[in-house]
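For reference, the structure is listed below as structure tokens.
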Amino acid sequence: MMSAAITTRPPTAPVPHAPAAGGTRRRSRLRTRLELALLLTPALVLFTGFVLVPIGVAVVYSLYSWNGFGPLTDFVGLQNYVDAFSGDVFQGAIGHNLLIATLSIIVQLPLSIGLALLLNRKLRGRTFLRMVVFAPYVLSEAVTAVIWLLMLQPGGFVDEILRGVGLGGFVRLWLADPSIVLYTLFVVITWKYIGFGVILLLAGLQGVPPELREAAALDGASAWQTTRHVVIPLLGPTIRIWIFLSVIGSLQLFDLVWIMTLGGPANASTTMATYLVDHGFKRYEFGFGSAVAVILFIICFVFALLYQRFALRRDTQGALTGVR
Amino acid sequence: MRSKKPLALFAAAALALAGCGGGGDASTEGPVTLTWWHNRTTEPMKSKWQQIADDFHKTHPNTSFTVEPLQNEQFQTKVPLALQGNTPPDLFQQWGGGALADQMKSGKIADITQASSGWIGPLGKYADGWKVGGKQFGVPYQMHAVGFWYRKDLFATAGITSPPTTLDELNAAVAKLKTAGIVPIALGGKDRWPDAFYFGYFAVRQCSVDALKKAVEKTELTDPCFTKAGENLKAFLDTKPFQDGFVGTPAQQGAGSSAGLLANAKAAMELQGDWEPDVMRALTEDKDLDSKLGWFPFPSVPGGQGDPTVLLGGGDGFSCTTRAAKACGEFLEHLVGDEVQKILAETGSGLPVRESAVASLKTETHKQISEAMNKASHLQFYFDTAFPTNVGQALNDAIANFFAGQGGPDTIVQSVSKAAAGNK
């Protein structure tokens, strides 16, 4: 794609008065092309082979009823897509993903900002506290899931802690009650990923010039006003990129749910990705599974494009959108 | 939607191919290296398999092995891919039943009916699950059976003198255990498949062997006995025999799992496979666990037409692919022979397919299960394995939902016909 873009560039206008310079330019153009070819080819080959082609192949599979064995013969058109969207389990799964995404933004974001502001202040044991907040993020998702699965069993660690501090009345069947399980998972997700948001925002806070705070203070702004009107607006780009990562992560949520609940009980915590694995691999319905994968891909892709276009435009100008 | 025609076609093609191999195909005469995918990634079985392969190579210098242990979950994805490709493994873990029938569509599974005719006899009913359309496409090397594991100490505490043999006795035992403040039965509902054991056994006890065989053959549970089994299950669930929050309990992970509850005396019974003691040993400090454990088969159900000796179970086997079917077949013969069967029985990782090896089992409970299995008039494959994979999983999901309070006996029965018809 890149080499095509280069060849379609309008030919350099002839420079009649400087033939020598024209030669240099031609040589340097050749060099640029060589450099581009050299640097881009490996990445392009890998990207094409491992991303674009599989997506294309998945689209083809999704049009067949196919259990993974033998040739593709049973063409069903868009039936797999119709089946997916008309099934209440998959509808539920989309709803669960959206709920997790929404909760992430309205719960995790303020929490991350608060923690980041706190940890940005000079306080005793700051490095230690930062480490504590960040530690869960370093754990693998599978390890996190197994630890919490064990702690959340009835009469397990979490229940004992609650009873120990006199909150025994709040004890629930965390993973077994269909009306609670998704929120339980959300708490675990928050525990795991809050550190990432905090680190990102702490980095963003380093970019807030101290002079601006001082100026605001001199103008008589309270601490709250300084934070609200100076610091948070300057954190905008960081917040926007965090929302982007968080929503994409929520849409693709898999490992944690798969290990902790397998999407149960009674599909109360199924996500699009667990549904995909359940139906694609466990049931040997690779055609249908591919259709679900394509749906998941399209949802993420459309969100990514729209978000880039409308929310991230200013932040990424020049980097992703090209110089105009 | 699910067309049976291509299957027949591919099966015929496979037969034709295998027919050539059986007739002394030149390509299988020379030295071959068999790629062997098995599922024993942990000791002692991992090195036992390697040892068995090495020993076989010594007596059959023309046959060598590349042994690749894989996790169970990997087989789900790797086998379909490998059978699509041109270099599938020559010998791979095979659970039989519907998954095997699915794999037949690749046309790469070797028909060993002729090759095995001289030695498969003593396996008897155990080999049936690895047949498709009356032809042998694999053999089991170990069997598994499900039954109730119970703690003798907790039964004594609750004043239960002998293991229940009828459903009424089981219900009475559950009531006694509750009175004594003991969780009667542990269940790993999160993982879904333990739920399916209950529906499976209520069906096995309610339905005649003929009805069971017909159901598997036709991929449907339309016989009224299956609905009745669902109703019996519902009545049983209504006695609330399980621990709190059982739908969120894992089956085998950690002390809070169903196996862990039983291992640590937090529950008195669990309906599980013969592998259960192995799982439990890893989850408790109790070194004397085996002496506290007892086993009894699923009790008979009043009014049921099922034979109470029938066991629900399955097995571990291997299938050969067509490339080196001759050498592979010879190796299978070796695996089900007395010598290897005794080695396998000593590990306690499953039940032998040869009666002669039963004496080599280490624990009394395993001998007891093995004997029950030999006496059983029929061995009913786990329904999720007996049915084609998509149907089996749909059934398990419907059963798990039922345990979580969603749906009823009719939804369980219908889930099979729906999935068989291609509905999602």
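Placement of Cβ uses the backbone N, Cα and C atoms for every residue, glycine included.
The domain 'ABC transmembrane type-1' annotation in TrEMBL covers A:94-307.
Among the features that TrEMBL reports, region 'Disordered' is placed at A:1-26.
Summarising the annotation, TrEMBL assigns transmembrane segment to A:36-64 (among others).
Note on the transmembrane segment (A:98-119): residues 126, 129-130, 133, 182, 185-186, 189-190, 193-194, 197-198, 200-202, 204-205, 227, 231-232, 235, 239, 242-243, 246-247, 249-251, 253, 271 of its chain, located 6 or more positions outside it, place their CB under 8 angstroms from a CB of the stretch. Summarising the annotation, TrEMBL assigns transmembrane segment to A:98-119 (among others).
Sequence-remote contacts of a segment are chain residues at least 6 beyond its ends whose Cβ falls under 8 Å from one of its Cβ atoms, and for the transmembrane segment (A:131-151) they are 115, 119, 157-158, 175, 188, 191-196, 198-199, 255-256, 258-260. Residues annotated as transmembrane segment in TrEMBL: A:131-151 (among others).
Beyond its flanks by at least six residues, the transmembrane segment (A:180-203) meets 96, 99-100, 103-104, 107-109, 111-113, 115-116, 119-120, 130, 133-139, 141, 144-145, 148, 152, 172-174, 235, 238-239, 241-242, 246, 249, 253, 256-257, 260-261, 264-265, 268-269 of its own chain at Cβ-Cβ distances under 8 Å. Per TrEMBL, the feature transmembrane segment maps to A:180-203 (among others).
Annotation source TrEMBL lists transmembrane segment at A:241-266 (among others).
Remote same-chain partners of the transmembrane segment (A:286-307), defined as residues 6 or more beyond its termini with a Cβ less than 8 Å from a stretch Cβ, comprise 55, 58-59, 61-68, 74, 76, 80-81, 83-85, 90, 94, 243-244, 247-248, 251-252, 272-273, 275-277, 279-280. Here TrEMBL flags A:286-307 (among others) as transmembrane segment.
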Q: Would you mind listing the long-range same-chain contacts of the transmembrane segment (A:241-266), meaning Cβ under 8 Å and 6+ residues beyond its ends?
A: 93, 97, 100-101, 104-105, 108-109, 112, 141-142, 144-146, 148-149, 152, 175-178, 181, 185, 188-189, 192-193, 197, 200-201, 272-275, 277-278, 296, 299-300, 303-304, 307, 311-312, 315
